[in-house]
Ligand code: NCD
Ligand code: ZN
């Protein structure tokens, strides 16, 4: 593994501080931070032009669709979307075909990610064989393989059998790996396609009650308590989940949680058109949930942002609401939505953005080389943001192979001007800068 590249980044503002500095990167690590630094001979220069610089983002919840649905996303196209979105590491969910429930699949995804070289791709292993919820997968083998799998999830499906979930947590404890739960009690969501509430009732859509999520959140908190281990909640979507997280933390339970950009910004008022672009799991809820989730993210009750980037083919989205697949794109629009919902209203400053999009996610999965401070001797995984340059979302222009963005025609308030992975520029002004080997 090569250490990385050397580059002089001029005129950037760490965490949005007022004064611009230069950052000299040598062999993939930050060697010097100061003013009027000179580039050593043969070292490239990148003009930051006063951009804000943040640690590269880490996404704990990405669906890359490889293997099995390479028509909708591949490791390469998803890596490009991630780099353009400011990400330097993504966790690729296990609900592929075949399922990532063995080390052959997880190692292949890992190697594909390295080959593309735009972002660190960490495969997530399935908790149960075939995501069937019956038998634990060989977590130890996946952890011991080349991919070193450190996070396991049946995401897309809930590990609903409480005894199996208990065993998974106990097994994970021994391996010191993370179980991430898609919290959905399936007996409460049979046939459900939208948030259970007045809107779904009026529109005649079958409802997915908040209790389906919350009952699993509290159950898993108690199971983690008894197992003496940690558990992570995927895509928290309700105000009630926020209250349960607070309660569990107050008991000293080791529970972490993520929220998606779409659950912060969008709600079931969008369903009036019956456009399946708005269909997602868990469903878009109500404005009161949006507000509670924003406050929880600001307060640290919810640890981090995760995109749940879920590409789907147009034929699986442009159909009757009940038939459409749930899920929406997220990687390329995540920062814009976080600025809109969190930074503009004053709930987070740029330090806070670094915390929820980079530092906390890296800590949750114990990545040593991501989510690090912008400081000398730290790896140069960096994202440059122009806080004053807007752009308009056009699904067809996104790097993802799919176009199912709910933000079509929406103006994003900020632009990512560059992303660097160990000093190598992976994205620059909306374009991918090329592959690298590591
Ligand atoms: C995800 C997908 O399409 O794989 N869909 C979704 O609506 N979020 C699965 C998931 O994250 O639950
Ligand atoms: Zn899920």
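Glycine is no exception: its Cβ is also placed from the backbone N, Cα and C atoms.
TrEMBL: automatically predicted annotations, no manual curation.
Among the candidates 155, 268, 275, the residue that TrEMBL names alongside 182, 235 for the Zn(2+) 2 site is 155.
Record check, TrEMBL: substrate site residues include 63, 64, 65, 95, 312, 326, 327, and the candidate from 267, 278, 281, 290 also listed there is 281. The record from TrEMBL ties 61, 63, 155 to Zn(2+) 1, and of the options 303, 308, 316 it ties 308 to that site too.
Taking the Cα of residue 63 (Zn(2+) 1 binding site) as the reference point, the closest of the recorded positions 182, 235, 281, 308, 327 is 308. With respect to their backbone Cα atoms, residue 155 (Zn(2+) 1 binding site) and residue 95 (substrate binding site) stand 7 Å from each other. Mean pLDDT across the domain 'Dihydroorotase catalytic' (50-238) comes to 98 in this model. The binding-site residues shown are 61, 182, 235; of these, the one with its CA atom nearest the CA of residue 312 (substrate binding site) is 61.
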